[in-house]
Amino acid sequence: MEAPRGWLVIMISVLAVSLASSAAQDTCRDLDGRDGAARKPGRPGRPGPKGERGEPGAPAFQTGIRGLKGDQGESGSPGKPGRMGYPGPSGPPGLPGLPGLKGIKGNPGNIKDQRRPAFSAVRQNPPTSGNVVIFDEVITNQEGAYKSQLGQFICDVPGYYYFTFQVVSKWDLCLYIMSSRRDQVQQSLGFCDFNSKGLFQVVSGGTVLQLQRGDKVWIQRDPNKGRIYQGSEADSVFSGFLIFPST
């Protein structure tokens, strides 16, 4: 491209001034000339290289309207297993299990080691007051469960017992086999005999009772029909024994 004439004139002027200045330095400095006339700006130069990245700017204030919620993104990859939590509350009981196998047969028991309470007592010189029939003369009292002063059997071995009585009378007579637990009456079995001729008759009765430790058993008479014969001609007896213990 051919350079404009204006540029050539300027370049020749600058070159002449430089040569004159150089010649003056060898001899003596002359007075500076006047500034040249101002010219029009030249054309823009070519773009320079890309500059370095600047510092981040301050956060801008949100001025626009908030847009709509976007679509749900894809699920991320599973995270690592967490720590074991605290034990939870106990669940409900499970169903009963299947019956176990039959155990090995045990050694035979020793009948001598088994307790076998039993008693039998008759009336000889009992007290006349009260409604409890006292059988004061003991015939047998295995393990001492019968208390002759009270007329009561007090259970010490839980199980099933058989009790029986035979009482002689010449009058109308009603008797009861009584049992109590913690001083509360549990059973009351009545047996009556009506005697209009005044002859010797025997009133008898018996029963099987399941007893726990501390239960009491005795014979009790009706206050209005409770006269018992007392003499050497006939005896009245009260007996009882353990049939088998409770398991």
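Backbone N, Cα and C define each Cβ position, glycine as well.
Here is what Swiss-Prot says about this protein:
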COMPBIAS  98-109  compositional bias 'Low complexity'
DOMAIN    33-111  domain 'Collagen-like'
DOMAIN    112-247  domain 'C1q'
CARBOHYD  K50  O-linked glycosylation site
CARBOHYD  K69  O-linked glycosylation site
CARBOHYD  K102  O-linked glycosylation site
MOD_RES   P41  4-hydroxyproline
MOD_RES   P47  4-hydroxyproline
MOD_RES   P56  4-hydroxyproline
MOD_RES   P59  4-hydroxyproline
MOD_RES   P81  4-hydroxyproline
MOD_RES   P87  4-hydroxyproline
REGION    26-116  region 'Disordered'
SIGNAL    1-24  signal peptide
Mean of pLDDT values spanning the domain 'C1q' (112-247): 92
For the compositional bias 'Low complexity' (98-109), distant same-chain residues with Cβ under 8 A (at least six beyond the ends): none
Other CB atoms within 10 A, centred on P81 (4-hydroxyproline): 6
Secondary structure content, the region 'Disordered' (26-116) (per DSSP, counts of residues): 4 helix, 0 strand, 87 coil
Cα-Cα distance linking P56 (4-hydroxyproline) and K102 (O-linked glycosylation site), given in Å to the nearest integer: 85
Candidate recorded positions K50, P56, P59, K69, pick with smallest Cα gap to P81 (4-hydroxyproline): K69
C-alpha spacing of K69 (O-linked glycosylation site) relative to P47 (4-hydroxyproline), in angstrom: 43
Residue pair K69 (O-linked glycosylation site), P59 (4-hydroxyproline) - Cα distance, angstrom, rounded: 22
P41 (4-hydroxyproline) versus recorded positions K50, P56, P59, P87 - nearest by Cα: K50
Residue pair K50 (O-linked glycosylation site), P56 (4-hydroxyproline) - Cα distance, angstrom, rounded: 17
Whole-number Å value for how far P56 (4-hydroxyproline) lies from P87 (4-hydroxyproline) (Cα to Cα): 51
